[in-house]
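Annotation comment: TrEMBL describes 20-101 as domain 'Manganese/iron superoxide dismutase N-terminal'. Sequence annotations record features per position, and here TrEMBL assigns Mn(2+) binding site to His45, His93, Asp177, His181. Marked as domain 'Manganese/iron superoxide dismutase C-terminal' by TrEMBL: 108-210.
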Amino acid sequence: MLMSQRIGSLIRVAGASRQKHTLPELPYEYNALEPVISREIMSLHHSKHHATYINNLNVAEEKLAQAQAKGDIDTIINLAPALKFNGGGHINHSIFWHNLSPNGGKPSDVLTKAVEKDFGSWDNLKNQLSTASVAVQGSGWGWLGYNKQMKKLQIATCQNQDPLQATTGLVPLFGIDVWEHAYYLQYKNVRADYVKAIFDVANWNDISQRYEKALK
């Protein structure tokens, strides 16, 4: 009995010391991307939606730690969807905020050469990424990713908050959030206008850095 109490105490201490996820600060003000994305959308998207994914992820991870401590396999399995959805939401948005900027610069020479090799031109890339993003049924993401095995850039889409790398193996470079909460207050149901406009605030410095890191 005494040994069980000691083990229980150790588990509770370990659970209490687990570092929780926190909402990352934006690298710009909420109104910095106007007129492409309004202050109201950015504020709600970041402080409410992203924060909710983080809160739910922390809850799910706490339940997972408890289930693992008890050897409760059923609960561990049942937590998988919540971990994927909320963990993916946290991963995706953490990339998304840095993919955008009021002063995103220009693509690096290395990225430009890759785009020309894999898509023929920047216009082709933008058209293909836009078409794929607009065509997502329901909620999800359009992505420009890097395929390490094939050593090429690739466009993909993910449903809901499925994280790109964990579900497809592609390294995420540039994500377009096409959940309605990302644009509806400003663009209503015209997703295509939002997707077209978002390229005006794309942070090519960040996207280029992600690509060059993926090459290593």
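Here, residue 1 is simply the first one shown, and the rest follow in order.
Placement of Cβ uses the backbone N, Cα and C atoms for every residue, glycine included.
Least packed by the Cβ count within 10 Å, out of the binding-site residues His45, His181, is His181. The Cβ centroid of His45, His93, Asp177, His181 marks the Mn(2+) site; residues of that chain outside this set whose Cβ lies within 8 Å of it are His46, His49, His50, Phe96, Trp179, Ala182, given in sequence order. Every protein chain shown contributes to the tally, and the Cβ of Asp177 (Mn(2+) binding site) ends up with 25 other Cβ atoms within 10 Å. Sorting each residue of the domain 'Manganese/iron superoxide dismutase C-terminal' (108-210) by its DSSP state yields 54 helix, 24 strand, 25 coil. When other Cβ atoms within 10 Å of the Cβ of His93 (Mn(2+) binding site) are tallied across all protein chains shown, the result is 23. Helix, strand and coil residue tallies for the domain 'Manganese/iron superoxide dismutase N-terminal' (20-101), in that order: 58 helix, 1 strand, 23 coil [DSSP].
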